[in-house]
Ligand code: TYD
Ligand code: MG
C-alpha cells in the first residue's frame with residue numbers, strides 16, 4: 001500500500017522538518033521551506049529482505065579479486081575534461097556538473113557527446129527541444145554518428161529508452177527538470193531531485209554506464225539541493241566564469257576517482273568551447289609600448305601555474321567617497337593591500353578611485369597575487385610603467401613584509417617558460433633553492449619598500 005506523508009524541505013540545503021519554519025536551522029536561509037508530499041509505494045524493508053533466502057545475485061567479493069584497470073576509463077577526447085575527471089570517465093560513475101545558467105554546461109556535454117565517435121551516447125534534455133539541440137550541435141560541428149537525443153522530462157521514459165538503446169554514456173540536462181512518478185513532489189523540488197538522482201545512481205552502478213547530470217546553481221553558487229546531491233554522486237564538477245567574458249574554468253570539488261586539484265580551462269567561441277592548453281598565453285595581453293598599472297602575477301589554479309595580468313587604474317576621486325571596484329579579486333583583500341600601501345609606504349590612496357581587473361574573467365583567491373597587485377596600483381598611481389619582462393609571486397603581509405607562497409618552484413618555472421626575465425618573490429621562499437637552475441633572474445625581498453625601491457626608481 002502507498003504511504004503518503006508531508007514534509008517540509010529547505011530548497012537551499014535539503015534539510016527537512018515536519019512543520020514549516022521561517023529560517024532554516026542548518027543553512028540559515030530565510031523562507032526556503034516548501035511543503036512536499038511524499039508518496040512512497042511500500043516495498044519490503046531491508047529487515048524482511050535479509051531474513052529471507054537471498055535471491056539477489058550481487059555477492060560480496062574478495063578485494064584482491066577485483067581489479068581496476070585504468071584502461072577502462074572512457075577518454076572523452078577533450079584533454080581538459082579528461083584531466084579534470086582524473087584521466088577520463090570511470091565506468092558506472094555518476095558525475096554532476098554544476099554552474100550558473102548560460103555558462104555553457106549544455107554546450108560542454110553536448111560537445112563531449114558529439115566528439116566521441118566510438119561511444120554511443122544518449123543525451124536526454126528536459127530543457128530544450130530537439131531542434132534547439134540540433135542547432136547547437138550544428139554550431140559546434142557534428143562529428144559523431146552515435147549520439148542519440150531525447151527531449152524528455154519523465155525519468156521513467158528516459159530509463160525505458162536507455163534500456164532499449166543501451167548507450168555507453170547517459171547525459172541528463174538537467175537533473176532539476178526530471179520527475180519520477182514514484183513520489184508526488186513537484187518538479188525541481190528537493191525530494192524529486194534526490195529521488196531521480198538516486199534512481200540514476202542505481203542505473204549507473206548496475207549497468208556500469210557512466211551518467212552525467214547537469215545541475216543548476218542557486219544564488220550562493222551551491223548546486224540546488226547541494227548537500228543532497230553532492231554526497232550521492234561520485235564526482236562534482238563546477239563550471240565557472242563570467243558569462244559575459246569568454247574564459248571558463250572547470251573545477252572538481254569532489255572526485256572519488258581522482259584529485260580535486262585538477263582543473264580545465266576553456267574559451268567560449270562562436271563554434272563551441274575551445275580547450276585552452278596554455279592558459280598563461282591568453283591571460284597576458286601582448287603589450288605595445290609601456291602602460292602604467294599593469295603587473296603580471298604568477299598564481300596557481302589547482303595544480304597549474306598560471307601567469308595572469310593584473311590591471312589597475314588609480315585616479316583622483318571626484319565624489320566624496322572614493323570607489324574601490326574589482327573584477328575577479330576579493331575587494332576586501334584589495335582594501336587590505338591599499339591600507340598596507342598607505343600605512344607602510346606612505347602612498348596617499350585615500351582620495352583616489354581604484355579599479356582593479358584580472359584579465360580573462362578569472363576569479364583568483366591566491367594570495368601570491370598580492371605583490372603584483374601592489375605593484376600595479378603603485379605603477380598606476382605614480383604613472384610609471386612596470387617593464388613587461390618582470391613578473392611577481394608573493395604574498396604581502398600587514399606589516400608591509402613580503403611573505404612566502406606555496407609551490408614557488410612551479411611558479412618560477414612557468415614564468416621562465418613564458419620568457420620573463422625577472423620574477424620578484426619573497427626572501428623566505430628562496431632559502432635552500434638552487435636559483436641557478438632557473439632560466440630567469442629571481443629577485444628576493446623581505447620588505448615591500450625594498451622591492452619598490454628596486455622596481456620604481
Ligand atoms: P549553454 O550551454 O546553453 O549554457 P547552460 O547549459 O550552462 O545554461 O551555453 C550558453 C551560452 O553559450 C549562450 O549564451 C551562447 C553561448 N554559446 C557560444 O558562444 N558558442 C557556441 O558555440 C554555443 C553552442 C553557445
Ligand atoms: Mg543548458
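Every residue, even glycine, has its Cβ placed from backbone N, Cα and C.
According to TrEMBL, the feature domain 'RecA family profile 1' maps to 70-217.
The ATP binding site annotation in TrEMBL covers 99, 100, 101, 102, 103, 104, 105, 106. Sequence-distant neighbours of residue 101 (ATP binding site): residues of the same chain at least 6 apart with a C-beta under 8 Å from its C-beta are 216.
Long-range contacts of the motif 'RadA KNRFG motif' (254-258) within its own chain (CB-CB distance under 8 A, at least 6 residues past either end) are made by residues 85-87, 90, 93, 230, 233-236. Sequence annotations record features per position, and here TrEMBL assigns motif 'RadA KNRFG motif' to 254-258.
Here TrEMBL flags 353-457 as region 'Lon-protease-like'.
All protein chains considered, the CB of residue 104 (ATP binding site) has 20 other CB atoms within 10 Å. Within 8 Å of the Cβ centroid of the ATP site, not counting the listed residues 99, 100, 101, 102, 103, 104, 105, 106, the chain contributes 239, 243. Contact annotation for binding-site residues (99, 100, 103, 104) versus ligand 2: none, no CB falling under 6 Å from a ligand atom. For the motif 'RadA KNRFG motif' (254-258), the DSSP-based tally of helix, strand and coil residues reads 0 helix, 2 strand, 3 coil.
According to DSSP, the secondary structure content of the region 'Lon-protease-like' (353-457) in residues is 44 helix, 25 strand, 36 coil. In the structure shown, the C-beta of 99 has more C-beta neighbours within 10 angstroms than that of any other entry among the binding-site residues 99, 102. Sparsest Cβ environment among the binding-site residues 100, 105, 106 (other Cβ atoms counted within 10 Å): 100. For residue 103 (ATP binding site), the number of other Cβ atoms no farther than 10 Å from its own Cβ, over all displayed protein chains, is 21.
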